[in-house]
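What follows is a single structure, written as C-alpha cells, with notes after it.
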Amino acid sequence: MGSRKCGSCLSSLLIPLALWSIIVNILLYFPNGQASYASSNKLTNYVWYFEGICFSGIMMLVVAAVLLVLENDNNYKCCQSENCSKKYMTVLSMIFSALGIAFSGYCLVISALGLLQGPYCRTLDGWEYAFEGTAGRFLTDSREWIQCLEPAHVVEWNIILFSILIALSGLQVIVCLIRVVIQLSKSLCGTYSVIIQPGII
C-alpha cells in the first residue's frame, strides 16, 4: 500500500513538470516577447524539435495519466487471479515509466544541445549562430553576448529557458527512474504476509 501511494505521488508530480515544460518551450518561440522571429523562421533550430511541448510535455502527461490509472486499486481485475493482475499492472507500469525516461531524456538532450549551440541571432555579419564554434564557452563569458544585436537579450532568453527545460526534464527522468526501481523491487521481491499459527512456536 505504501509503495502504491508513493507511486501515485510520483506520477502526480509528473503533471506540473509536464505543464511547465510546455509553457517554457512555447516561450522560446517569442524571444524578447516578440512573435515576428518565429514567423520569419529566425529562431534556433533546436526550438523546432518540440522537445518541451511534445515529448516532455504532452507525451509525459499521457504517461502520468496512464501511471495514475494503473495505480488505482480497481484495475487489478484484468486476469482471473489478483496476483496475475498485479504482475500485469506492474509490467505495464514499468513499460510506461521507461517511456517516460525516453521522452524526458529526449527533451534533456535536445535542450542541452540548444543551450550549447547558442541562439540564432543577427550579428555584424548577418543572421548566424554566433557561438556555434565556442563549445559553450560563451555561457560563462557574458562579454561575448553583445555579438547578438537582434533579438534583444536573446542570449539570456535562450540560456534561462533551455536551462529550465533541462532541469524540468531532468526531474522527470529521476521520477521515472524511481518508479522503475519501485516496480522492479515489487516484481522481484514481492509482498508477502507472514502468518504465524498458534502452537507452532
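Cβ coordinates come from backbone N, Cα and C, glycine included.
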Do SER8 and THR44 come out on the same side of the membrane in Swiss-Prot's annotation? no
The answer for the transmembrane segment (10-30), taking Cβ pairs under 8 Å and residues 6+ beyond its ends, is 37-38, 43-44, 47, 50-53, 56-58, 60-61, 63-64, 67-68, 71, 100, 107, 157-158, 161-162, 164-165, 168-169, 171-172, 175-176, 178-179, 182
Is the transmembrane segment (158-178) packed against any residues at least 6 beyond its ends, judged by a Cβ distance under 8 Å, and which are they? 10, 13-14, 17-18, 20-21, 24-25, 27-28, 31, 44, 51-52, 56, 60, 63, 97-98, 100-101, 103-105, 107-108, 111-112, 114-115, 118-119, 139
Looking only at residues six or more beyond either end of the topological domain 'Extracellular' (115-157), which have a C-beta under 8 A from one in the stretch? 28, 31-32, 34, 37, 42-46, 163, 166
